[in-house]
Amino acid sequence: MTPVKTQCSLAGQLYAVPLIQPDLRREEAIQQVADALQYLQNISGDIFSRISRRVELSRRQLQAISERVSLAQAKIEKIKGSKKAIKVFSSAKYPAPEHLQEYGSIFTGALDPGLQRRPRYRIQSKHRPLDERALQEKLKYFPVCVNTKSEPEDEAEEGLGGLPSNISSISSLLLFNTTENLYKKYVFLDPLAGAVTKTHTMLGTEEEKLFDAPLSISKREQLERQAPENYFYVPDLGQVPEIDVPSYLPDLPGVADDLMYSADLGPGIAPSAPGAIPELPAFHTEVAEPLQPELENEVLLAAPPPPPPPPPPPPPAPTALVSTPQPPMFPDMATAAGQVAREEDSSSSMAHTASVQGAPKEVVDPSSGRATLLESIRQAGGIGKAKLRSVKERKLEKKKQKEQEQVRATSQGGDLMSDLFNKLVMRRKGISGKGPSTGTSEGPGGAFSRMSDSIPPLPPPQQPAGDEDEEDWES
């Protein structure tokens, strides 16, 4: 047979060991005792195994924490003797998971062994007959549940109590000339003035007197009004002591030697004031335009540098070389071509290596040209040694130069080389002060124009030229 399971466990408790029922037969009692002991053994083994697993898990967590502590201690010991400044960055959030793991009971998932099916045993012995006398004797040794709860006492009535038996009429029950039942609620009233209900509680408080008035009323005293406290935050630096210490203290334990603080920390932060944003100075940037060579009809022309402000004139632009063969020149151009050829003799020795390709490799530095100009002015003696001429002579010379230029322009054709030569001559005249671009000037202006005549022109940039160009110039 199967033992009867008693429900004597608490709420949430998984295990429940059955008790041995009384008045059992011998074989039945032995079988239930064996089942109960086996059940208790299974429960004990399950409980202790779960406790051991939880202890092992806690031990592993503690070991991991100990390893982290030892690692942090080793890092601290390593940087303890260092004299270098160390920056420590703190995380914006606390290093913890967003959702904490809830505590789990060690009995989670446990099954009650009592729910398993057990083998059934058949007992051949018969039950003993019921003995009432023996049952009464057992009440002396076993506790018996008796209802010991006390019944609530009758509440005290507010009236006179129960109705007497000698009342024969309604007028004897009610108070004279009223509708009040004194046996139900006891009141004191004047039958002619009206009923005023008074209970036992009111009767008890009626005998008490009022308390004495406070001193502020009896002695006419007034309490001093306290001023409200100001809880506004007013920052103040207070008295800061001035400490005179050296700026650098070497060989101090635990103090970094590569960290310097500036004494000028700017305006203080207390008391708080609206910070004004300083105005930044305006910067004007000038973008220099790059020189872009222009190729027209296979002619390489170098752009002249921007003219500097007067009085120092800009240096002359480098002469351009033509890759095509030179056409035959007119007789009046022979002398000018010979002069240009003599200027190119210095660079003709290096012109046999390569032909003209691309932009010139060397460009005359404008600063060196200005330095050469100033040096030439110093050598000429300045304005003091200049020979002044009259204005009429200068005007006559300019008229003659204009007439000669007009004659040359009409006599010369549209030859490319002649046009280039004319532009070169006009530029040199404009630099020397003989051209029409100079305008009429009086006083020191004419002296400068005459001084510029004695200044030699800047040497042209060295450009490699082919054999054909050299032969053309020599011819």
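From the backbone N, Cα and C atoms, a Cβ is placed for every residue, glycine too.
These numbers come from a predicted model, not from an experiment.
In Swiss-Prot this protein carries:
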COMPBIAS  303-318  compositional bias 'Pro residues'
COMPBIAS  466-475  compositional bias 'Acidic residues'
CROSSLNK  Lys219  ubiquitin cross-link
DOMAIN    369-391  domain 'WH2'
REGION    1-167  region 'WHD1'
REGION    1-54  region 'Required for WASH complex assembly'
REGION    300-475  region 'Disordered'
REGION    357-475  region 'VCA'
What does DSSP say about the residue listed as 'ubiquitin cross-link': helix, strand or coil? coil
Can you check which residues sit near Lys219 (ubiquitin cross-link), meaning Cβ under 8 Å from its Cβ, same chain, 6 or more apart in sequence, and list them in order? none
Tell me, what is the mean pLDDT of the region 'WHD1' (1-167)? 79
